[in-house]
Structure formats: C-alpha cells, structure tokens
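These features come from Swiss-Prot:
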{"type": "BINDING", "residues": "17, 18, 19, 20, 21, 22, 23, 24, 25, 43, 129, 131, 136, 194", "note": "ATP binding site"}
{"type": "BINDING", "residues": "99, 135, 139, 192, 201, 203, 280", "note": "L-citrulline binding site"}
{"type": "BINDING", "residues": "131, 135, 136", "note": "L-aspartate binding site"}
C-alpha cells in the first residue's frame with residue numbers, strides 16, 4: 001500500500017489537522033470542492049495566541065468539513081513537558097541558554113492524539129500543513145504511522161494540482177473570497193510563529209537572516225526585556241518538587257499540572273525568562289535559526305537542575321546530561337516514543353528524577369538574569385560541614401589527604417612518561433624552562 005499520496009484521493013475521507021488559519025482553511029475548502037470528504041481535527045494545545053478554540057471547528061464545518069472535532073491535548077502536552085524536564089531532554093544550547101524542544105513536544109502529542117481521534121472516526125488518510133523542507137513533515141509521519149499502521153498521508157502542499165491553483169497566500173485568500181467567505185489575510189509579520197502551552201517558536205522570513213535579532217520579535221508569552229522602557233521589577237519565586245514532579249509555586253499547589261504550567265508561564269513571562277536565539281540542525285542536516293520562548297519550562301528547569309546538582313553525585317549528573325542530550329535529539333527527530341527514547345526516559349526518571357525533592361527560591365529580574373537565593377531538600381548530599389574552612393571536627397584529617405595525594409603519584413608518573421613519548425614523536429616540544437614538554441608554538445614556526 002502506498003503510504004504517501006501525491007494526488008487528492010477523491011471520494012475518500014481525509015483528516016486534516018485544522019488550525020483555522022488561511023492555509024488549512026483554503027486546503028479544506030479546496031479538497032471538498034474537488035470531491036474528497038474532509039474531516040477537521042483541531043488540537044487544543046493551550047496556544048497563548050489563540051483566543052477562541054470553540055470557534056475553530058465551527059469554521060471548519062462552514063468550509064465543508066464532514067465533521068469537525070476539538071481535541072484537548074493540554075494535559076498530555078504538560079505531562080510530556082515535565083518528563084522532558086525530568087530527563088533534561090534538551091540538546092540545543094547557545095551560551096548557556098537552552099531551547100526546551102517545545103515544538104517537538106507539541107508534535108509528539110498532536111501527531112498521536114489527532115491520528116487516534118481520526119482512527120475512531122474511520123479516517124485513515126491524514127493531511128497537515130507541514131512543508132517538505134521542515135522537521136514537522138517527518139515528525140508527523142512517524143507519529144502518525146506509530147498510532148495507525150494503516151494510515152496514508154496526503155498533504156496538499158505536496159500535491160502539484162493544489163500548488164498550481166493555490167500556491168501562495170494571496171491566491172488562497174482570493175479563492176476563499178471567490179467562494180463566498182470574506183477571509184482577509186492577517187497582517188504579514190516579519191517572521192512566522194508557532195506556539196503551544198510550553199513555548200513559542202519564531203522563525204523564517206526576516207529571522208532567516210542573522211543580522212535580524214530578537215529585537216524584531218514581539219513576545220507572546222513574555223515581555224521585551226531588552227527594551228529599557230519596559231519596567232520589570234525583581235520578583236522572588238519559590239518552586240517545590242516532590243520526586244521529580246513540580247507541585248507548588250510560591251507555596252501554592254494546583255488542581256492539575258495544566259494550571260501549574262500556566263502559572264509558571266505567567267511568573268516567568270513577566271520577566272522574559274526562557275527566551276533564546278538558536279542556530280540548530282534540522283533533521284535533514286541543514287541549519288536553521290529560531291528565537292524561542294518558554295518561560296514556564298525555563299523556571300521549572302532552573303529549579304530542577306539546582307536540586308539535581310545538590311542531590312546526585314558527579315557521575316550521575318554526567319550521565320543525566322549525556323543521556324538527556326541524546327534523548328533531546330531523539331525528541332527533536334520525532335522519535336520521542338521510540339524504544340531507545342523510552343529506555344533513556346525510564347532510567348532518567350527512575351534513578352534521577354525520583355530523588356528530586358525540595359524547594360528552590362529564585363529572584364527573577366530581566367530576561368534570563370536571575371539569582372538562586374535558597375535551596376532546601378531532605379535529600380541534599382551537599383554538606384557544608386564536610387569542607388568548612390573553620391576549625392572544628394572534620395570527617396578526614398591532613399594525614400588522610402597526604403595519603404590520598406601520595407596515591408596520585410602513580411598516574412602523575414604515567415602522565416609524565418606519556419608527555420615525553422609525545423615529544424619524541426614531535427607532537428610536543430621540549431622546553432628548557434619547563435620540566436615537561438609543551439605544545440609547539442605554531443605562530444613562531446610560521447604555520
């Protein structure tokens with residue numbers, strides 16, 4: 001069976017991930033007019049820039065959908081976001097600022113929950129608005145087929161007939177008007193935005209050029225912290241975790257995790273926390289650039305890792321970072337539910353996150369400028385009395401340290417011998433002023 005359909009399957013049911021925007025509206029109307037039977041599915045991901053979710057299915061019905069459903073994905077999205085924090089599943093960082101993989105998390109939830117809803121309705125053909133150059137076309141492909149092995153894919157933006165007729169936003173707008181729908185194009189921004197409750201992605205258009213900065217972006221989850229006219233008073237916030245799960249903000253507990261994430265977004269957003277500018281490698285190995293917002297994810301991540309460093313030993317922390325980066329890349333590639341990702345998630349949640357219990361107090365200022373004011377946990381292995389510089393009882397003596405240093409002579413001697421071995425082969429040069437070989441000064445040698 002052909003998995004990807006290049007042309008519209010006339011007379012068959014097609015499920016379309018319907019956002020209510022111009023692209024999916026025109027695609028739905030066009031498919032109906034050409035003889036397909038479109039079903040519209042809208043994911044409620046708690047997008048901060050969406051004002052009326054209930055109106056979206058109604059519009060889909062007006063444009064010719066056989067049926068239209070609104071699928072509440074918020075609870076599952078927040079659950080996956082918390083899992084990503086517990087595992088440190090983030091691999092794109094620049095200068096210490098992290099991209100929290102909020103779009104990949106959203107695609108994992110959308111791609112599974114919408115296809116599951118389609119399957120309930122007997123719809124086994126899926127279309128969405130992803131383009132052939134991006135990451136989402138592969139993410140949705142993987143998640144869709146994982147959920148429904150019988151799924152076929154039809155994307156209007158891969159259909160030459162659709163492209164020839166409605167290949168641009170201007171053509172789509174004229175098509176909608178000609179069909180009796182007074183659909184006016186929204187004012188074009190200098191970039192495109194995609195968002196969910198966990199974060200927002202700003203990319204493309206002017207942001208494709210590296211001489212365009214965050215200053216052209218209007219945040220939808222925070223504030224322009226770089227603008228001196230925006231007054232942002234400092235704010236103290238306390239985050240409490242129990243067994244790796246965030247349970248309270250400023251002492252307030254929540255009825256569910258969705259409400260907790262919304263409050264974390266409000267707190268972090270007041271300061272512009274979690275904004276970052278990243279150059280990343282897409283799945284197809286081409287580089288792209290995005291500016292990201294994730295105020296709630298950033299707040300929880302900072303507090304989580306503060307507790308992590310005070311509770312776990314160095315080797316465990318090293319494995320957390322290494323496995324977290326590996327898991328983050330799998331998430332980015334649309335492999336969040338693959339066996340290798342599940343293996344990494346299970347080990348990190350079981351052996352790392354389960355011990356993260358405690359409370360962290362921070363002072364938030366402008367953007368990613370913050371201070372940690374206090375860290376409290378019954379699981380802390382940080383014991384200041386062990387290394388105090390003050391006179392008093394100690395868990396080890398000067399003689400103990402002398403013995404420990406003496407044992408180091410073994411590997412120090414081995415290292416010296418290796419350095420001289422490198423010098424003999426020309427990798428290092430001998431120096432009259434030093435007792436050990438040194439790196440060649442390539443500049444002095446004219447290289």
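Each residue, glycine too, has its Cβ placed from N, Cα and C.
Keep in mind that this is a model prediction, so the values were computed, not measured.
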Least surrounded among the binding-site residues, given as 192, 201, when other CB atoms within 10 Å are counted: 192
Count of other CB atoms lying within 10 Å of the CB belonging to residue 25 (ATP binding site): 24
Coarse DSSP state, helix versus strand versus coil, of residue 139 (L-citrulline binding site): helix
Euclidean distance between Cα atoms of residue 139 (L-citrulline binding site) and residue 17 (ATP binding site), Å: 14
Largest tally of Cβ atoms lying within 10 Å of a Cβ, found at which of the binding-site residues 19, 131: 19
Count of other CB atoms lying within 10 Å of the CB belonging to residue 135 (L-citrulline binding site): 20
Cα-Cα distance linking residue 192 (L-citrulline binding site) and residue 19 (ATP binding site), given in Å to the nearest integer: 14
Residue 280 (L-citrulline binding site) to residue 131 (L-aspartate binding site) - Cα separation in whole Å: 18
Number of other Cβ atoms within 10 Å of the Cβ of residue 136 (ATP binding site) across all protein chains: 20
Cβ neighbour count (within 10 Å, all chains shown) around residue 17 (ATP binding site): 22
Largest separation between Cα atoms (Å) of residues that the record links to L-citrulline, namely 99, 135, 139, 192, 201, 203, 280: 19
Other CB atoms within 10 A, centred on residue 280 (L-citrulline binding site): 15
L-aspartate site shell beyond 131, 135, 136, criterion: Cβ within 8 Å of Cβ centroid: 130, 132, 133, 134, 137, 138, 139, 140
